[in-house]
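Novice: Right, I'll just put the structure down here and ask away after.
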Amino acid sequence: MGLIVQKFGGTSVGSVERILNVANRVIEEKKNGNDVVVVVSAMGKTTDELVDLAKQISAHPPKREMDMLLTTGEQVTISLLAMALNEKGYEAISYTGWQAGITTEPVFGNARILNIETEKIQKQLNEGKIVVVAGFQGIDEHGEITTLGRGGSDTTAVALAAALKAEKCDIYTDVTGVFTTDPRYVKSARKLASISYDEMLELANLGAGVLHPRAVEFAKNYGITLEVRSSMEREEGTIIEEEVTMEQNLVVRGVAFEDEITRVTVFGLPNSLTSLSTIFTTLAQNRINVDIIIQSATDAETTNLSFSIKSDDLEETMAVLENNKNLLNYQGIESETGLAKVSIVGSGMISNPGVAAKMFEVLALNGIQVKMVSTSEIKVSTVVEESQMIKAVEALHQAFELSGSAVKSER
């Protein structure tokens, strides 16, 4: 029939029992007459355990050696899953990222996929085998092993689906699909039957952990239909595709949130045409992702600049700014931790003015101070105190009527 790429995350392969369950799910797809490529993550908390081992040796281990270490986690999973499939009577072969032909840029820890040579995988598929590929890893032009960073296995799966021209890419997780918000925190959250690439990309960028943004970008660019499903349950998941026809004109489709956000403020920057370019180029060269940006001129000659980052990046951000003080020519810097980002997302915002005003009204009525704001055509993001994050999410979820059958859609 066709080719299906399946991806199973760390929780889904977290034990031998779960790997055997995954093998059964793979076999079901094979029995449907499809060729199957399976991408897997390291088992359970293996990656975290490997990081802990490294930190017992060195507080600042070389990035190359970290990639060498971390890629061993997926190698365990691929071999065990291939063994399970063969034991159940289905020929399977496992490949590391570099054996699978995945070439990346020469960056350790957060490389991007540049190309995938599919001949080896295609040969095995033509012979009727199931191909099991390690997610999260590849090889650069110098023959060095690299990792793809957070969400790398999602990206591997969608990139393989694009390169192999697969009909579909199924992302199996420990949840049954994409929800209007995280059901662990908001009990009234409901699963979406379908969602557009653009909406999913915004949700992923804004902290919805079910899919990595790079994976959604790949899917959108190559027209790959995604389905987020549970590896433990049999119910349908959430389809992610280009167009979604909704039963109702829902303005907002989801509320996303992310904790551990820090605001960095740079005081007394020269109020010149090049000062912003210089500071953000410097941060980008050090692979520091800046999110929400606010600029306020203090006088004709100087300006203050605030931007939000992930708290994990604070130490490096401050070091980069301090090391480049002469270049950037600022007067001072400070940081504010203990913040969170809360966002609403929905394509309906394009044709419905007043959404941001309603959001701010809801937050104000609940005594929640907004510290920073960012908007696009289909989202509004705010930075608030981390202690008020869940209160804000619950209030917005209720105000925009995201509970119940209204969130369902047709496809």
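Cβ coordinates are placed from backbone N, Cα and C, and glycine is handled just like the others.
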Novice: According to Swiss-Prot, LYS7, PHE8, GLY9, GLY10, THR173, ASP174, PHE179, THR180, THR181, ASP182, PRO183, ARG184 bind ATP; which one of SER41, SER58, SER196 is listed for that same site?
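Specialist: When Swiss-Prot describes the ATP site, the candidate it includes is SER41.
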Novice: What is the number of other Cβ atoms found within 10 Å of the Cβ of ASP182 (ATP binding site)?
Specialist: 20
Novice: Fill in the CA-CA distance, GLU29 (substrate binding site) to SER41 (ATP binding site), as an integer in Å.
Specialist: 19
Novice: Within 10 Å of the Cβ of ARG150 (substrate binding site), how many other Cβ atoms are there?
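Specialist: I get 15 for this one.
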Novice: When neighbour density is defined as the number of other C-beta atoms within 10 angstroms of a residue's C-beta, which of the binding-site residues LYS7, ARG25, ARG184 has the lowest density?
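Specialist: Least crowded of the binding-site residues LYS7, ARG25, ARG184, by Cβ count within 10 Å, is ARG184.
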Novice: Quick one: mean pLDDT on the domain 'ACT 2' (344-411)?
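Specialist: Across the domain 'ACT 2' (344-411), the average pLDDT comes out at 89.
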Novice: Report the DSSP secondary-structure composition of the domain 'ACT 2' (344-411) as helix, strand and coil residue counts.
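Specialist: Each residue of the domain 'ACT 2' (344-411) counted once, the result is 34 helix, 16 strand, 18 coil.
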